[in-house]
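Below is one structure, written out as structure tokens; comments come after it.
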Amino acid sequence: MTDTNRKEIKEKIEKNYKFNSRMSILDGAFYTLGMGFISTGTILPLFVRQLTKSNFLISMVTAILMFSTTVPQLLSAKWTADLDKKKKKVLSFGLFQRLPWLGLAILTFILGAKYKSWLLIGFFLLWTIHNLFGGLVGPVWFDLVAKVIPQDRRGKFFGYRTFISSVLEVLGALGAGYIINQFDFRVSFTILFFLTFLAMMGSYIFLALTKEPAYPVDSKTDNFKDYFTQLFLILKEKINYRNFLIGGILIQFIGMANGLFTVAGIERLGLEIDKADNIVGAFTVILIVSKSLTNIFWGYFGDKYGHKLVILIASIFNAVGVLVAFFAQKLIFFYLVFVLTGIALGGTSVSFMTIIADFASSPEERTIYVGLTNAVVGIVVTIISLLGGFLADILNYKVVFGISFLMISLGVIFLFLKVSDPRISNEGN
């Protein structure tokens with residue numbers, strides 16, 4: 001690409017920056033409004049818990065989320081890295097990501113609680129489809145955003161985007177709590193799944209309005225053999241990035257614990273599962289509010305001091321949250337668990353993806369780095385999540401929380417000692 005072409009593209013990006021940032025913020029707001037109705041940390045575990053008593057199956061909510069949204073990103077990154085425009089692919093994958101919620105609403109209404117096994121199977125199938133297409137869309141969506149949002153404003157952009165999205169997510173969570181309290185299992189979750197579908201289709205409209213400039217790529221990956229060779233070379237030669245992956249895997253041991261916070265709280269507080277709706281609603285709101293109140297701060301902080309530091313601090317909050325869960329026997333301490341993990345989630349949601357883009361040495365490599373990172377971390381977290389549910393079934397929650405705390409702490413130490421901020425190292429762009 002010539003300097004003239006780069007200048008023209010940069011001018012188009014600046015011209016449409018405000019419009020594109022608003023469309024992306026609205027896209028995120030409506031999407032997370034939908035996610036607020038079916039919070040993966042609280043509402044979906046409650047849904048599965050009313051269909052089965054198995055902690056292993058409950059942990060599959062997180063495991064399927066991590067595996068299905070991450071492993072396909074390696075394929076998606078290969079298929080989309082050479083596209084000069086990304087939006088068409090984003091819209092194709094994004095539509096199939098949203099449709100399962102309509103299917104799940106219909107399935108829940110038809111089967112209800114009378115056919116628990118069939119509903120559970122249907123849920124896991126549709127949940128997998130939703131996340132598979134979420135995984136396929138992930139790298140190309142992020143590359144689309146990275147194209148239209150300049151690097152020096154990404155932290156603040158993601159901060160505002162996540163903050164506004166979190167406000168809508170709180171409204172969704174409040175609505176979910178009200179609906180669960182007012183209606184029985186069949187009706188309440190039918191409504192929640194259908195509202196999720198409507199909100200996500202609203203986000204789809206704003207996503208479609210994004211103005212994307214064509215960005216000619218400088219290099220082509222000819223086949224899968226060359227592509228995977230490139231992945232191997234990145235892991236072999238980019239030491240700073242490889243160390244980030246190792247540290248990232250360790251801090252992701254939060255995935256062993258966070259899917260079990262809700263059910264651990266219900267059991268330790270001696271609540272019947274069908275009488276725990278108010279508590280679960282409170283947990284959801286506390287988690288989302290804690291995240292939303294810190295999003296903008298983390299964005300500014302990351303742009304000024306580096307997103308590595310944000311990830312370190314957020315991981316410390318996660319470690320403390322798991323430690324509190326280890327000892328918690330009273331409701332107030334479970335509230336504290338969700339405050340701490342919400343703050344941590346606010347930091348990682350802003351900075352984890354942002355720092356990955358900084359590791360790429362060229363725009364053409366962004367989807368590759370995003371796909372590789374999420375696939376590696378996702379496979380590990382999938383195993384971690386299932387292991388957490390298995391250990392909780394055969395042993396107890398304290399074992400799970402203890403292992404999680406130890407590994408997160410090791411991850412913080414490793415990241416601090418072995419990883420340089422890519423924006424100031426010679427591996428970043």
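Start at 1 and count along the chain as shown; that gives each residue its number.
Just so it is clear, glycine is given a Cβ too, placed from its N, Cα and C backbone atoms.
TrEMBL does not curate its annotations; it predicts them automatically.
The annotation transmembrane segment is assigned in TrEMBL to 28-48 (among others).
Annotation comment: TrEMBL describes 54-75 (among others) as transmembrane segment.
Annotation comment: TrEMBL describes 95-113 (among others) as transmembrane segment.
Residues 44, 47-48, 51-52, 57, 60-61, 64-65, 67-73, 75-77, 80, 83, 86, 89-90, 93-94, 96-98, 100-101, 103-104, 107-108, 111-113, 353, 357, 366-368, 370-371, 374, 378 of the same chain lie 6 or more positions beyond the ends of the transmembrane segment (119-142) yet place their CB under 8 Å from a CB of it. Marked as transmembrane segment by TrEMBL: 119-142 (among others).
As annotated by TrEMBL, transmembrane segment applies to 163-181 (among others). Sequence-distant contacts of the transmembrane segment (163-181) (same chain, six or more residues past either end, CB-CB distance under 8 Å): 25, 28-39, 43, 46, 188, 191-192, 195, 199, 277-278, 280-282, 284-285, 288-289, 291-292, 295-296, 346.
Residues or ranges marked as transmembrane segment in TrEMBL: 187-210 (among others).
For the domain 'Major facilitator superfamily (MFS) profile' (243-429), the model's average pLDDT works out to 84. Marked as domain 'Major facilitator superfamily (MFS) profile' by TrEMBL: 243-429.
Sequence annotations record features per position, and here TrEMBL assigns transmembrane segment to 244-266 (among others). Remote same-chain residues near the transmembrane segment (244-266) are listed as 41-42, 45-46, 49, 55, 58-59, 61-62, 66, 235, 273, 276, 279-280, 283, 311, 315, 318, 322, 325, 328, 331, 334, 337-338, 341, 344, 352, 355, 359, 373, 376-377, 380-381, 384-385, 387-389, 392, 397, 400-401, 403-404, 407-408, 410-412, 414-415, 418-419, 422 (criterion: CB distance under 8 Å, separation of at least six residues from the stretch ends).
Annotated transmembrane segment per TrEMBL: 278-297 (among others), in sequence order. Here the transmembrane segment (278-297) has long-range neighbours at 36, 39, 41-43, 46, 156, 158-160, 162-163, 165-167, 169-170, 173-174, 176-178, 180-181, 261-262, 265-266, 269, 271, 331, 334-335, 338-343, 345-347, 349-350, meaning same-chain residues at least 6 beyond its ends whose C-beta is under 8 angstroms from one of its own.
Beyond the transmembrane segment (309-327), the same-chain residues lying 6 or more positions past its ends with a Cβ under 8 Å from any Cβ of the stretch are 251, 254, 257, 261, 264, 298, 301-302, 333-334, 336-341, 343-348, 350-352, 355, 397-398, 401-402, 404-405, 408-409, 411-412, 415-416, 421. The transmembrane segment annotation in TrEMBL covers 309-327 (among others).
Outside the transmembrane segment (333-356), and at least 6 residues removed from its termini, the chain residues within Cβ reach (under 8 Å) are 142, 154-155, 158-159, 162, 166, 244, 248, 254, 258, 261, 265, 268-269, 282-283, 286-295, 297-299, 302, 307-308, 310-311, 313-315, 317-318, 320-322, 324-325, 327, 369-370, 373, 421-422. Taken from TrEMBL, the feature transmembrane segment covers 333-356 (among others).
Taken from TrEMBL, the feature transmembrane segment applies to 368-391 (among others).
Residues annotated as transmembrane segment in TrEMBL: 397-417 (among others).
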Of the stretches 54-75, 187-210, 368-391, which racks up the most C-beta pairs under 8 Å with the transmembrane segment (28-48)?
187-210
Closest-packing stretch to the transmembrane segment (54-75), where packing means Cβ pairs under 8 Å, from 95-113, 187-210, 368-391, 397-417:
368-391
Six or more residues beyond either end and a Cβ under 8 Å away: which residues meet both conditions relative to the transmembrane segment (397-417)?
243-244, 246-254, 256-257, 260, 264, 267-268, 308, 311-312, 315-316, 318-319, 322-323, 325-326, 388, 391
